[in-house]
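Trainee: Mind looking over this structure? Questions follow.
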Amino acid sequence: MSGLTILTLFVLAAFVGVEVVSKVSSTLHTPLMSGANAIHGIILVGAILVTAHATSPVLIALGGLATLLATVNLVGGFVVTDRMLEMFSGGRRRPAEEPVGSDAR
Amino acid sequence: MNVLPAGVADVLYLAAAVCFILALKGLSSPRSARRGNLVGALGAAVAVVTVLLSTDFAGANLAVVLGAVGVGSAVAVPAARRVKMTDMPQLVAIFNGVGGGAAAVVGIIELAEWSGAAPTATATSATAFAILVGATSLLGSLLTFLKLQGTMTSRPVVVPAAGPLMVLALVAGVGVGVAVAVTGNVWLGVVLLVLGLGLGALLVLPVGGADVPIVISLLNAFTGLTVAASGWAMSNTLLLVAGTLVGASGTILTLAMATAMGRSVTGILFGALRGGSTAG
């Protein structure tokens, strides 16, 4: 990929990132942070790619370490976010607590 | 295993990136939040299966990768399932820190594999950024964990001459970072990693307990940018897009959290250095 293509992707993704969370309600700050945290665990793909090509034992060991750490970030991140939201929706399911569709604009 | 053609893999990476956008969108609204998180997990699963099926593995490296993924999952799932509601923020901090650490280690491995013959100067620059900021996120996040856990004091800790030290570490970080970008030397990369750890400590130590969640959010955005830089260095669009999404949304979220608590981000980070206390 050319540098300019990468820069274009970077700028466009930054705008999308700002746009999708711009209307978040303050009750969702922590789950949203946790969900975003899980998403950057996708560095696992990078860790797997560098480990795949490694030939010296030291680099293979470091690659295994990076893969392990990234897996903890990715898998743990999504599981803990789900648990947060499970409790969240449990408390919210009381009837008429929040008008249905208030956030569906 | 290399059974997926590169073109198919790229389309699947694009699908994963779309899942991540939908996940963040879903997480912004109470009714769709849980579904949004599941869409994100689906995207991650697609991406990991794709990389496993579209990459040539040397020697027994596939076994190393599968073993590491297995052990990582075996550690992370019970930790995330059993954690108490009140302890969730520090667990998120740990997960964020190890993600930053993984990105920094990936950067070191890249420098070693290129061994001075990097594809472009842009690639080594992005790698230097990933090593420095990834290490900052790693130690910074571990310290926020210790503060929230009560293992260390939650009061602001100001080491003597913290301000000048911070400036010195930043200047050294940028200087060594430029040296890594120019030479691609792996040992300079290790020095950069250590400087990043120092920066993480200097950044988080002066922050008071009540402000720690905001700093976790900021370090989360840092790790996002680190992953974006890794994607830049490896010419991997999924890492680039996913990392940038988290970097941008994490920055907005940090500002929103600070506003909701009536605090300013610069006040939180540098208040204790200027003599004013940070809440805690």
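Note that Cβ sites are derived from N, Cα and C of the backbone, with glycine treated the same way.
Residues annotated as domain 'NAD(P) transhydrogenase alpha subunit C-terminal' in TrEMBL: A:7-89. What TrEMBL lists as transmembrane segment is A:32-52, A:59-80.
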Trainee: On the DSSP side of things, how many residues of the domain 'NAD(P) transhydrogenase alpha subunit C-terminal' (A:7-89) fall into helix, strand and coil, could you say?
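Mentor: Per DSSP, the residues of the domain 'NAD(P) transhydrogenase alpha subunit C-terminal' (A:7-89) fall into 75 helix, 0 strand, 8 coil.
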Trainee: On the 0 to 100 pLDDT scale, where does the domain 'NAD(P) transhydrogenase alpha subunit C-terminal' (A:7-89) sit on average?
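Mentor: Here the predicted model's pLDDT, averaged over the domain 'NAD(P) transhydrogenase alpha subunit C-terminal' (A:7-89), is 94.
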